[in-house]
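These notes concern the structure reproduced below.
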C-alpha cells in the first residue's frame, strides 16, 4: 500500500470513528483506544471496498483492530496481492 492510499485509509477511519487523524497510528487499538464498535467496522469495510474496489468477506471484520491489521486484510484480499 502506498503512502497516498494509506493516508486515504487513515482519513476514512478517522471520519467513521470521529477522531483526529493524528489519533490513528499504525498500532493504535481501534476498539480499546478509540472506542470503535462493530457498526463502525462495517462502515469502514464498506468504505474500503468502495475506495480500493475490492471485496472483503465480513469474517475479516474481527481483524479490524488496528491500522496495520486493516492494511494486511486489504493486501490479502486485493486481486494483485499488493496495492
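Backbone N, Cα and C define each Cβ position, glycine as well.
According to DSSP, the secondary structure content of the domain 'Carrier' (3-78) in residues is 50 helix, 0 strand, 26 coil. The domain 'Carrier' annotation in TrEMBL covers 3-78.
Annotation comment: TrEMBL describes 38 as O-(pantetheine 4'-phosphoryl)serine.
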Packing count at residue 38 (O-(pantetheine 4'-phosphoryl)serine) (other Cβ atoms within 10 Å of its Cβ): 11
